[in-house]
């Protein structure tokens, strides 16, 4: 999560540099990013507690252990593990909603009914897949106590390859729906530019925008696929090992999602830094990379320049 904290801090630093009121969609996006990061910290804290508990009994004979701890403690360990799963999905989906809020601010500038409907659809679809994941955790095992009932037949949605497959499809489809928002924005802006100018080729800024969208898709989707593949390869291994695998890849996916949310801001920072450096060189002034003059917010969109 330290890796994710760096672009988050930079994002808020850039916001502070702007020193002007921000759109409500930007405020919501920033709030969700912080909420997602703290949810990830809670997940890490729970995992650290579980690992420290297991380390206490690492020298015990395997016959005396159940899920790497003495049997009287195993039910409590499994219960805490089940609780930690909620923080995985809360953190992931908070990052997804942060992306929606960010792109909603961009699409709002277009002032078209199609753009508004696109945002509404993405919001409802993402909400639906979040509810689906919570329902899988709560209802896949009936009664829910089977998730930690060591005296009965243990069950877990994240240990069942069918449930994991449903989760992965819903997760990736949500990412694709969200990433259709910037693609729609880029396509619309490009079409408007061509209608107002004689330029028919895709500009460097537009190619850069499309590359950003691909990078965002790669970060989140590849992490989700890697988690599913890893689980599929080890789903017959004792569940304690699978639980560790889930935790590791879930953290990778959370960090990837947070980086994806911050990519547009980082790109804006690089572009503005380059423009300021070029302007200062043209005026015969030495470049000052940390002394930038901000013109508007990240949502500035003008015909002829695609900025997302």
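Every residue, even glycine, has its Cβ placed from backbone N, Cα and C.
Not measured: the values here are computed from a predicted model.
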According to TrEMBL, which of these ranges is transmembrane segment: 7-28, 51-72, 117-138?
117-138
Pick from 249-270, 271-292: which range does TrEMBL record as transmembrane segment?
249-270
